[in-house]
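Enquirer: Take a look at the following structure, please.
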Amino acid sequence: MASLIYRQLLANSYTVDLSDEIENIGYAKSKNVTINPGPFAQTGYTPVNWGPGEVNDSTTVEPILDGPYQPTNFNPPVNYWMLLSPLNAGVVVEGTNSIDRWLATVLVEPNVLTTVRTYTLFGVQEQISVENNSTTKWKFINLIKTTLSGNFTLYSTLLSEPKLHGIMKHGGQLWVYNGETQTLLLQDYVTSNYDSLTMTSFCDFYIIPRSQESTCTEYINNGLPPIQNTRNVVSVSISSRNIILNRAQVNKDIVISKTSLWKEVQYNRDITIRFRFANAIIKSGGLGYKWSEISFKPANYQYSYTRDGEEITAHTTCSVNGVNDFSFNGGSNPTDFLISRYEVIKENSYVYVDYWDDSQAFRNMVYVRSLAANLNDVLCTGGDYTFALPVGQWPVMTGGAVMLHAAGVTLSTQFTDFVSLNSLRFRFSLSVEEPYFSITRTRVTRLYGLPAVNPNNNRDYYEIAGRFSLISLVPSNDDYQTPIMNSVTVRQDLERQLGELREEFNTLSQEIAVSQLIDLALLPLDMFSMVSGIKSSIDAAKSMASNVMKKFKKSKLASSISTLTNSLSDASSSVSRNSSIRSVSSSVSAWTDVSNQLTDISNSVNSISTQTSTISRRLRLKEIATQTEGMNFDDISAAVLKTKIDKSTQIAANNIPDIITEASEKFIPNRAYRVISNDNVFEASTDGRFFAYKVGTFEGIPFDVQKFADLVTDSPVISAIIDFKTLKNLNDNYGITREQAFNLLRSDPRVLREFINQDNPIIKNRIEQLILQCRL
């Protein structure tokens, strides 16, 4: 393995002088470390909601009950109910097309015998005969005349206890409610000059879309919601509806707070989500009558749309969770039709849509709070799929439908073939809808849900409209760059060379091929092969090796090995215990005791995160001492170092010791290690994150810190080349077998090479991220 170079150096330089050890310990305690997460940091955790933020309203999500509005004269929109809410008896509404229809509605209180009342209709005093025999319900009387000078006649009536009445323009006619509450009917007026028909309301009213007609009927039967009957609800002018037409403010960047270096910006965006399902239909071998699997697969979709005049390029990834497995067996004969397993999503399932676009909001999606979204529902219906049998009538799976309801939004990361993108994951819950699905010419019928056989129903995509809002922490100056200055020391010339060499090394990370890196990491590199690409290195090999050893023995890695060697002889003397909580260090082991570091943080070692972080900082030494057949981080580190040395144009013999020593300390700073016990995996990283899960399902289990400490002492420690998040993402998007999972957990280089040769974007992205961490 490539990490042999570090083993050779440690074998000859683990002993250090006391003065060097004191200097290194003091340096380690005073060193400030800043981790740059990079432009594509993993942000898989739900953001903390620090405050309510601001979410502007827009017309993309239409309200059910819009109002109340003040009495006015206007031309009501088509296909919208005008829900009238009068308080007193009298004229409620007038309407006319100014040609051949004059319509009016008056309200009569309960317990009124037949009488003649005078109403002012269209500016004229009219004598109208009215009555209301009901003791509890108010009576709406709809009147009509065909000439301006004619007399009004009764057209229809409505008895309503809540005193609510509805009028709507639809289909070239004017529609009203008539009859009695709980048994309502719809009555239409035939009218000409339909578009110019205007209404004059003499009471407060609401606007309800025709798509919510059932809700409007419910209000007329039982009354408005309680919140509408309080004094806190004040009617406004109908002209306020026109404000929504100016929707530029919905897509806006608002500076919430600002300091000299940082600012909080709230991004409000309208959003159009387009997605599609993907599936896999696998036919069994044999005579052609049997299918082994019909399943959902993740689907990527890229598209463009216009947002406030701006052309937006968006990318979505659709996946499902909680699928239901169905099967059909037509018999045991080889020519009997059979589907071993086909997936169906139902009420217990979820659909995830990861969304990213090229707008400013997604360029700063690293530190995020107050994330909120509001989306419309979408109906997904299944299409037909014909099972082509060699002989006989062909069965057809047809139908099925589900409604997607927005159920939440979190941050996520999308992986493409070239880059990983910080994105929003919209989660949708499901409800089953008509029609049901069935398989013709079989007994499978009247089942509900959406099967995976043809989930898009020959559509290019499904579309959802809505909006989202988030607050992101970004630099105050968009053009700000941190200045880089060379340190002025007695080694000024060498430091300048090292600075230029570091910059060159860091830029070379983009040129390293992942597939070649894996092969190089498996080679047993030694000092000679490491520097074989440098001119005149053969002649100076002996002196160069001595210089590297001398420099390397002062490194933190060599210092830690020396401390470990001393602590192995008397591990129990350096164990610190806590009286209230059993510390990790209660395992009498030099691997779980971090020497004097643990004493310095004895007051904070109570948390699991601190304990696992304390252990994981020592696991590299444990791994070096107990080499396994799997690949480790030092193999990748040494392979990257070798590749960069070969590619470098500025490398020289005098700066090789500094480069190798610095690479051993700084390459891949964020590492995770794992131990395996039967079917359970315990994984901890140097930044304090920890996971415990099952191998087969990647289902989380409680993290037993004491068991983890014991396993670290007795079991091999494995570099988590493919960490838990990457494994879970790989399983969710592609699906992996139990054997593949075990091999990836053991960092088997053969399996890693197979995934890379298959151009798997998730595995390639993980290895590329490790390469990018190999910085000086």
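Start at 1 and count along the chain as shown; that gives each residue its number.
Using the three backbone atoms N, Cα and C, a Cβ is placed for every residue, glycine included.
Model, not experiment: these values are computed from the prediction.
Pulled these features from Swiss-Prot for this protein:
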| type | residues | note |
| --- | --- | --- |
| COILED | 484-511 | coiled coil |
| DISULFID | C203-C216 | disulfide bond |
| DISULFID | C318-C380 | disulfide bond |
| REGION | 65-224 | region 'Spike head' |
| REGION | 248-479 | region 'Spike body and stalk (antigen domain)' |
| REGION | 389-409 | region 'Hydrophobic' |
| REGION | 510-776 | region 'Spike foot' |
Enquirer: Cβ neighbours within 10 Å, counted over all protein chains: which one of the disulfide-bonded residues C203, C216, C318, C380 has the most?
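Expert: Max Cβ neighbours within 10 Å, all protein chains included: C318.
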Enquirer: Quick check for the class: what is the C-alpha distance, in angstrom and rounded, between C203 (disulfide bond) and C380 (disulfide bond)?
Expert: 42
Enquirer: Do me a favour and check the Cα-Cα span between C318 (disulfide bond) and C216 (disulfide bond); whole Å is fine.
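Expert: Cα-Cα, rounded: 35 Å.
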Enquirer: Please report the Cα separation of C380 (disulfide bond) and C216 (disulfide bond) in Å, rounded to an integer.
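Expert: So the Cα of C216 (disulfide bond) lies 26 Å away from that of C380 (disulfide bond).
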Enquirer: In DSSP terms, helix, strand or coil for C380 (disulfide bond)?
Expert: strand
